[in-house]
């Protein structure tokens, strides 16, 4: 019998790459920890910002401390790093805030796992311990949650505190009170629906952030056509996505040969008649306002003006979609059956000035909760970051209106969970207890990083905070204004229960997924097949 060759056999295509066992695990740990280190300096009320500069001729500049935005705009090649980037994006989509916290917690868990594996503790043992730790942490968080949903005054104060806590780590922190009030008023107008599409945010250069305001209505950043009414009461609105520029022949590759200018005039006349018929079909809907996503050329604009109809062109797709939502209409593309088209309505449409720009204001819209937040600022970067910050606050508030449970911030919740996990580890025999203790240590790293970013002695503060929780002061947290331990209930540093819960579960799941990896296989790049049949 022939002996088997001991030479390694490569079963992959040429160009494919494979990392095995410790090499694969180390590669995953390094990538994930690097992502955590990248964003951890942005954590907390005194976190730093990042400048993101895209390459190319039209290099865009972005200044932000939003974890999801940073990770979304950096290109990562490491598979484990991509897992954390995707997790951060999901956190942003689900609850709107906690994107940096979830990334940092997952990275710290993997940092702890790296040292445990170096001590010859099996990944499955670590995962088993982490699952028990996650369960204990979630129960501790749930038991500490406070629900003021039935008390209107206290719930309103909770919303103000949550918005203030969310904005305290953002660019808007210096105008926190102003924007907290704006965000809470806007979300309470939704009457519990949580439909953030009804809140429109417009950015206008000029003035300062303090000049931003909430407008009870809908603002469209467009201009009304020439020689048309600038104000309409009891508006009936047809919202359309149709071509109103057919003053040219639109047959691909067509050519027309004429032997006189009279023939050219005939073609133009035919085109005008065709457009006139289309405008007449639109006017049969009994409207006094026509809003089109596409361009409206001069001739149809004149026809609308002569009929006393306000025509608004080039309302971008997002604007048209939101306008259909708030006015109660539907977007139409054909106009042969007026009875099938649902028109939008509002009490008043008028042109208004903001700074040096003209906008169209819709008031008394069908969707009564619709409103617009107008952001003012000195530079485009400030406006963009203000919009991102406000979006986070609005998402968290909408989530809190649905689930009114709140927990305390300032590292209080993390220390509370860490204390519960440590107590469980002390009662658990075997190596799983070591994994549980590592989970608690990772949770304690969040208040440590918050204190470090503020320039305080994190070792001293976290030791004091840990001692306070051990003595039963479950509302103790970090007061980053004074650099001491404070009572979060008194300071009003409150966060949404759903945000904290999502941070805990997402980070634990992502860390577990990465820890399970013992092989990374990169597929061979696809080769281009030469085209043997050129056109």
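A Cβ is built for glycine as well, from the same backbone N, Cα and C atoms used for every other residue.
The structure displayed is predicted, hence computed values, not measured ones.
Features of the protein shown, as given by Swiss-Prot:
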MOD_RES   2  N-acetylalanine
MOD_RES   3  phosphoserine
MOD_RES   13  N6-acetyllysine
BINDING   44, 98, 99, 100, 495, 500  ATP binding site
BINDING   44, 98, 99, 100, 101, 168, 169, 410, 495, 500  ADP binding site
BINDING   97  Mg(2+) binding site
MOD_RES   181  N6-acetyllysine
CROSSLNK  248  SUMO2 cross-link
MOD_RES   260  phosphoserine
MOD_RES   261  phosphothreonine
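Excluding 44, 98, 99, 100, 495, 500, which define the ATP site, the same chain contributes 43, 97, 101, 102, 499, 503 within 8 Å (Cβ to the Cβ centroid), listed in sequence order. Within 10 Å (C-alpha to C-alpha) of residue 500 (ATP binding site) lie the following recorded positions from 101, 169, 181, 260: 101. Distance from the CA of residue 98 (ATP binding site) to the CA of residue 181 (N6-acetyllysine) is 21 Å. Of the recorded residues, residue 44 (ATP binding site) and residue 101 (ADP binding site) place their C-alpha atoms 9 Å from one another. All chains included, 8 other C-beta atoms sit within 10 angstroms of the C-beta of residue 260 (phosphoserine). Long-range C-beta contacts of residue 169 (ADP binding site), restricted to its own chain and to partners at least six residues apart, with a cutoff below 8 Å, comprise 42, 43, 44, 45, 47, 65.
With residue 495 (ATP binding site) as the anchor, the candidate recorded positions are 97, 101, 260, 261, and the one with the nearest CA is 97.
For residue 261 (phosphothreonine) paired with residue 100 (ATP binding site), the C-alpha to C-alpha distance reads 68 Å. Spanning the residues 44, 98, 99, 100, 101, 168, 169, 410, 495, 500 that the record associates with binding ADP, the maximal Cα-Cα distance equals 17 Å. Over all protein chains present, the Cβ of residue 261 (phosphothreonine) has 8 other Cβ atoms lying within 10 Å.
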